[in-house]
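One structure is given here, and the rest of the page talks about it.
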């Protein structure tokens with residue numbers, strides 16, 4: 001990590017480019033590969049002859065699991081978010097990532113197939129899905145939801161690993177309110193995001209070289225990556241403009257600007273997702289080929305292992321609900337495209353924890369002389385943060401990714 005910090009200090013632009021390349025061309029394709037693999041696995045093995053039944057079962061399974069994770073988020077935080085690398089906690093967190101990611105795919109596939117089954121796959125159906133989903137998300141002040149990887153990364157070693165913000169920010173001490181809020185966030189907000197994604201995706205399927213999947217793939221990748229890169233480059237200017245509108249008390253104008261900016265971001269995200277998805281289906285899993293039943297596991301394994309090893313496994317899914325206009329100083333326009341910065345923050349945090357333990361025990365670290373002090377030896381800053389997680393998770397100050405780790 002010292003070498004990484006040295007590269008950042010000596011060549012900040014090189015560090016920035018390397019960071020973006022890791023997100024765009026390593027982490028993000030693996031995320032899409034996982035989704036495509038699980039989706040294909042369900043298509044092949046989960047009631048393939050009964051589309052309607054398969055769709056509704058996916059909706060039910062995904063909704064129940066995600067609502068459950070919303071309800072027990074604080075208990076999971078108290079039990080399994082201890083500092084360090086205890087085997088039990090690592091296993092629980094990895095299983096949580098896998099189950100939550102699969103539940104996300106279940107819910108998305110279920111709602112998607114329900115729309116396909118009852119309204120057909122055609123332009124009017126896609127337009128209705130897009131207009132209906134987008135308009136209701138705007139009315140519910142949830143339009144900024146739906147911006148996913150590569151414009152949003154989630155670091156696994158963050159203290160809010162299990163914390164999920166719901167639409168109405170239900171507190172932990174009101175379990176019934178939390179349950180109702182969780183059901184609404186998953187089944188309503190989540191459903192509307194899927195409506196919006198499906199509308200854009202199906203329109204691309206039907207209008208962008210429907211007979212030539214390779215050409216459609218290339219165009220989606222080119223334009224999708226271009227939009228995502230432009231959004232990333234221009235985010236500082238967008239943040240400044242949003243902050244200016246906020247300072248002038250133009251609340252509706254600021255909200256409209258942020259929604260429009262993030263809608264363009266979603267267009268880029270959906271386009272590049274579709275490009276990678278087609279590649280995973282046609283060239284990795286060989287959809288409709290003789291070996292598709294075996295090759296589909298390539299997508300699943302690579303898609304899960306790579307983000308997990310990179311400590312960004314939670315980028316595989318999106319659970320929280322972000323409120324339009326709920327962030328200050330232009331943070332609503334901020335996108336989260338970083339990995340290397342997270343590693344540096346983790347290294348700094350671990351060093352700080354070691355220093356505090358050394359202070360408590362009267363030992364020393366290299367280059368640091370410590371005298372014994374009358375501190376309680378079992379109290380560490382990370383544990384204090386753990387017990388204050390409920391009070392310190394200020395969701396209004398977070399973008400759809402983890403803004404606490406944003407580079408300066």
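Glycine too: its Cβ is placed from the backbone N, Cα and C atoms.
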Discussion item. Quick test of your reading of TrEMBL: among 121-140, 141-160, where does it put transmembrane segment?
Written reply: 121-140
Discussion item. Quick check: do the transmembrane segment (53-74) and the transmembrane segment (176-195) share at least 3 Cβ pairs under 8 Å, counting only pairs 6+ apart in sequence?
Written reply: yes
Worksheet entry | Beyond the flanks of the transmembrane segment (176-195) by 6 or more, those residues with Cβ under 8 Å of it | 63, 66-67, 70-71, 107-108, 111-112, 115, 129-130, 132-133, 136-137, 140, 142, 145-146, 166-170, 321
Discussion item. Considering only Cβ pairs within less than 8 angstroms, which of the stretches 21-41, 95-115, 121-140, 215-234, 296-319 has the most against the transmembrane segment (255-276)?
Written reply: 215-234
Worksheet entry | Cβ contacts under 8 Å made by the transmembrane segment (95-115) with residues that lie 6+ beyond its boundaries | 34-35, 38-39, 42, 51-52, 54-63, 65-66, 69, 76, 125, 129, 156, 162, 186, 190-191, 194-195, 197-198, 304, 308, 313-314, 316-319
